[in-house]
2 protein chains.
Amino acid sequence: MNYFKFEVIAKSKKSRARVGRIFTPHGIINTPNFVPVATNGTLKLIDSITTSNIGVELMFCNTYHLMVHPGTETVRQAGGLHKFINRPHPIITDSGGFQVFSLAYGTVKEELKSKGIKKHTEAVVKISEEGVLFRSYKDGSKIMLTPETSIQAQKDLGADIIIPFDELPPYHIDQSKLQKSLDRTHRWEERSLKQHLKDKNNQAIYAVVHGGIDKNLRKKSCEFLTNLPFDGYAIGGSIGKNRSEMLELINYTMPMLPEDKPNHLLGIGDLESIDACVRLGIDTFDSSHPTRCARHGQIFTSEGTVKILQNKYKLKFEPLDADCICYTCQNYTSAYIHHLFKAREMTGLALASIHNTHYMIKLMSNYRNLILNEVI
Amino acid sequence: MNYFKFEVIAKSKKSRARVGRIFTPHGIINTPNFVPVATNGTLKLIDSITTSNIGVELMFCNTYHLMVHPGTETVRQAGGLHKFINRPHPIITDSGGFQVFSLAYGTVKEELKSKGIKKHTEAVVKISEEGVLFRSYKDGSKIMLTPETSIQAQKDLGADIIIPFDELPPYHIDQSKLQKSLDRTHRWEERSLKQHLKDKNNQAIYAVVHGGIDKNLRKKSCEFLTNLPFDGYAIGGSIGKNRSEMLELINYTMPMLPEDKPNHLLGIGDLESIDACVRLGIDTFDSSHPTRCARHGQIFTSEGTVKILQNKYKLKFEPLDADCICYTCQNYTSAYIHHLFKAREMTGLALASIHNTHYMIKLMSNYRNLILNEVI
């Protein structure tokens with residue numbers, strides 16, 4: 001039985017953009033699409049049912065956080081993540097690698113803000129060929145994250161798409177260390193795949209292409225990983241210190257990925273990057289950017305991003321976006337949302353989060369139409 | 001045209017409990033009922049539409065907070081509070097007196113916790129026969145709250161039920177000062193009524209009975225206020241340092257209020273007090289207690305109040321309350337809510353707030369049935 005299938009419906013003649021459909025046991029994901037991040041099994045301030053009602057087709061949950069709490073064994077006992085959080089639609093989980101190496105090295109973003117490479121924090125006890133031993137920030141207990149335990153955790157969670165365990169090296173790293181990190185990541189991904197294939201559990205697994213900003217290593221990574229029977233390919237690791245470096249790298253990488261398999265760009269979700277990357281052929285994007293923007297009062301509208309705390313919204317008795325049919329815009333005015341933000345009412349943050357998430361879903365639907373209509 | 005009407009449907013033979021209906025321009029309020037507090041024009045973490053869906057028949061908004069932001073003139077321009085917050089059902093506003101005197105003297109609750117009577121804080125510039133001059137905590141601008149400006153603010157807001165401007169004296173106050181405060185409150189309430197009657201604006205006005213814990217003064221207050229054409233009677237001021245003192249005072253006061261008009265107990269909403277006060281004939285109760293409890297993980301259930309953060313809920317894959325049909329219980333388990341609280345996700349607080357508010361609405365409906373069926 002084909003529990004996972006990908007089909008390309010249309011390819012642009014003007015770019016590498018494409019429209020496709022990913023079939024999963026919990027439904028279809030139309031691509032290109034946006035994948036909001038529900039770190040702990042909920043979007044920030046939006047419950048699962050509301051998330052479904054917004055039209056979110058794929059949700060991203062973090063294995064690391066769910067291992068720390070409530071523990072993947074608890075989720076397994078609940079009948080899996082879909083049942084635990086009450087989401088009947090597709091879910092993707094990551095491996096925990098990104099979070100655990102962020103604990104060790106700091107994030108690439110922090111690093112690029114000149115905070116330098118962090119030393120191992122006390123949270124990370126040991127990194128070895130076997131994997132990473134770290135301490136839970138909740139109760140201090142030690143947790144071993146290896147390719148095998150990460151995949152087992154993701155089996156417990158039961159997401160439709162899972163991700164192999166990988167290393168996230170710092171941005172500033174010399175060539176030989178990056179090469180060594182890549183080789184280890186490849187060994188880890190292969191071990192992850194092997195573990196996955198022991199019991200597919202109706203799940204698909206996407207490889208994560210690494211190699212930092214070194215084109216030769218990116219090429220090597222694509223070659224290595226596309227020779228293994230992964231169901232899709234994610235682009236991960238350090239992908240550049242700014243958007244142009246990132247776009248160049250993605251432009252270079254995309255032709256090396258198989259066209260008949262879905263791809264995913266990890267952790268990128270700002271509007272400008274999505275606009276460029278859809279044209280480069282990216283199928284799905286995960287990011288917490290839209291909901292984080294919402295909580296800071298940055299509202300996505302058809303006329304650009306607006307700052308709802310500005311005084312000019314005090315008397316704007318119209319929806320956040322005249323063109324929007326989301327729950328927030330159907331029911332409330334900009335003036336009211338402005339007031340809720342001024343009064344520091346979390347209700348305002350929730351309503352803004354619903355709006356921005358809906359905006360992303362509508363935006364991606366528009367991209368699909370633009371591709372189908374040969375506009376882009 | 002009768003824009004406001006009250007009818008008693010049933011009276012208990014066992015107690016002073018009664019079932020009634022308050023007719024307002026925005027719908028009927030069945031009594032006894034619970035009135036959740038939406039300080040800034042929203043319940044904490046629950047938007048207006050969801051509040052309506054829960055079945056909240058009357059919502060309490062604070063004039064003081066709405067004066068400070070967004071300003072009642074803004075709300076007037078929006079078409080009134082119902083339109084501004086999108087609530088088609090009844091709303092009651094207070095006068096701002098309680099908040100402004102809490103700034104000046106501290107709350108009675110703080111005082112009774114032995115923090116003593118506060119000196120005037122810098123927020124309150126001057127208290128005189130005219131009213132209170134205070135500084136906005138938002139922008140430092142001076143705002144004059146008098147019987148006339150309070151009523152005018154409440155005309156701008158346009159709630160179905162409004163409350164006259166009163167003084168909230170400290171709990172520990174000597175007899176002569178309490179007497180003077182009561183006399184001034186009566187003068188202020190009469191000025192408020194006069195201002196209201198200039199333009200009823202389809203609103204009803206409830207007097208606030210004062211007198212602290214002095215029975216003679218309470219009696220005097222009832223006599224004075226019931227001789228004025230108020231539409232209903234609220235019990236306010238310091239009503240005792242504990243529940244038994246409060247119940248004795250309410251028991252003493254109730255027979256002095258007209259039976260053909262609705263009454264309201266200000267600021268009391270804990271389950272034990274409601275149970276006792278329904279039997280003493282109270283029609284409506286406002287309180288932020290249930291939503292505040294929810295945010296602290298205290299969940300009201302048919303088996304008592306439970307603490308959702310306790311470990312025993314980690315694996316309880318059942319609703320918060322087996323008997324509950326609220327949105328939260330229909331969609332999520334205790335284990336998931338427990339997890340959201342542990343992970344400090346605001347979604348958990350929102351879902352708990354929905355549950356507790358629904359619990360109160362159902363509880364009051366049950367009380368009405370118990371009275372109608374002559375059980376209490």
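Cβ coordinates come from backbone N, Cα and C, glycine included.
Among the features that TrEMBL reports, active site, proton acceptor is placed at A:Asp94. Look at TrEMBL and you will find A:Asp286 tagged as active site, nucleophile. The substrate binding site feature in TrEMBL is assigned to A:Asp94, A:Ser95, A:Gly96, A:Gly97, A:Phe98, A:Asp166, A:Gly237. Annotation source TrEMBL lists Zn(2+) binding site at A:Cys324, A:Cys326, A:Cys329, A:His355. Annotation source TrEMBL lists domain 'tRNA-guanine(15) transglycosylase-like' at A:16-373. Per TrEMBL, the feature region 'RNA binding' maps to A:267-273, A:291-295.
TrEMBL feature annotations superimposed on the structure.
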residue: A:Asp94; record: active site, proton acceptor; CB count, 10 Å: 30
residue: A:Ser95; record: substrate binding site; CB count, 10 Å: 28
residue: A:Gly96; record: substrate binding site; CB count, 10 Å: 28
residue: A:Phe98; record: substrate binding site; CB count, 10 Å: 23
residue: A:Asp166; record: substrate binding site; CB count, 10 Å: 30
residue: A:Gly237; record: substrate binding site; CB count, 10 Å: 28
residue: A:Asp286; record: active site, nucleophile; CB count, 10 Å: 23
residue: A:Cys324; record: Zn(2+) binding site; CB count, 10 Å: 19
residue: A:Cys326; record: Zn(2+) binding site; CB count, 10 Å: 22
residue: A:Cys329; record: Zn(2+) binding site; CB count, 10 Å: 23
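Rounded to the nearest whole angstrom, the C-alpha distance between A:Gly97 (substrate binding site) and A:Asp286 (active site, nucleophile) is 16. Residues 34, 98, 236, 239, 243, 246-247, 285-290, 300, 305, 360, 363 of the same chain, all 6+ positions outside the region 'RNA binding' (A:267-273), place their C-beta atoms under 8 angstroms from a C-beta of that stretch.
Taking the mean position of the Cβ atoms of A:Cys324, A:Cys326, A:Cys329, A:His355 as the Zn(2+) site, the remaining residues of that chain whose Cβ falls within 8 Å of it are A:Pro319, A:Leu320, A:Asp321, A:Ile325, A:Tyr327, A:Thr328, A:Gln330, A:Ile354, A:His358, A:Tyr359. The residues near the substrate site, meaning same-chain residues not in A:Asp94, A:Ser95, A:Gly96, A:Gly97, A:Phe98, A:Asp166, A:Gly237 whose C-beta sits within 8 angstroms of the mean position of the site's C-beta atoms, are A:Gln99, A:Val100, A:Phe101, A:Ser150, A:Ile163, A:Pro164, A:Phe165, A:Glu167, A:Leu168, A:Val208, A:Gly236, in sequence order. Note on the region 'RNA binding' (A:291-295): mean pLDDT across this stretch is 98. The distance from the Cα of A:Phe98 (substrate binding site) to the Cα of A:Cys326 (Zn(2+) binding site) comes to 33 Å. Secondary structure from DSSP puts the residue listed as 'active site, proton acceptor' in coil. Whole-number maximum of the Cα to Cα distances across the substrate-binding residues A:Asp94, A:Ser95, A:Gly96, A:Gly97, A:Phe98, A:Asp166, A:Gly237: 13 angstrom. Here the candidates are the binding-site residues A:Cys324, A:Cys326, A:Cys329, A:His355, and by Cα distance the one nearest A:Ser95 (substrate binding site) turns out to be A:His355. Between the CA atoms of A:Gly96 (substrate binding site) and the residue listed as 'active site, nucleophile' there is a gap of 15 Å, rounded to the nearest whole number. For A:Cys326 (Zn(2+) binding site), the nearest neighbour among the listed recorded positions (A:Asp94, A:Asp166, A:Gly237, A:Asp286), judged by C-alpha distance, is A:Asp286. Note: the Cα of A:Cys329 (Zn(2+) binding site) and the Cα of the residue listed as 'active site, nucleophile' are spaced 24 Å from each other.
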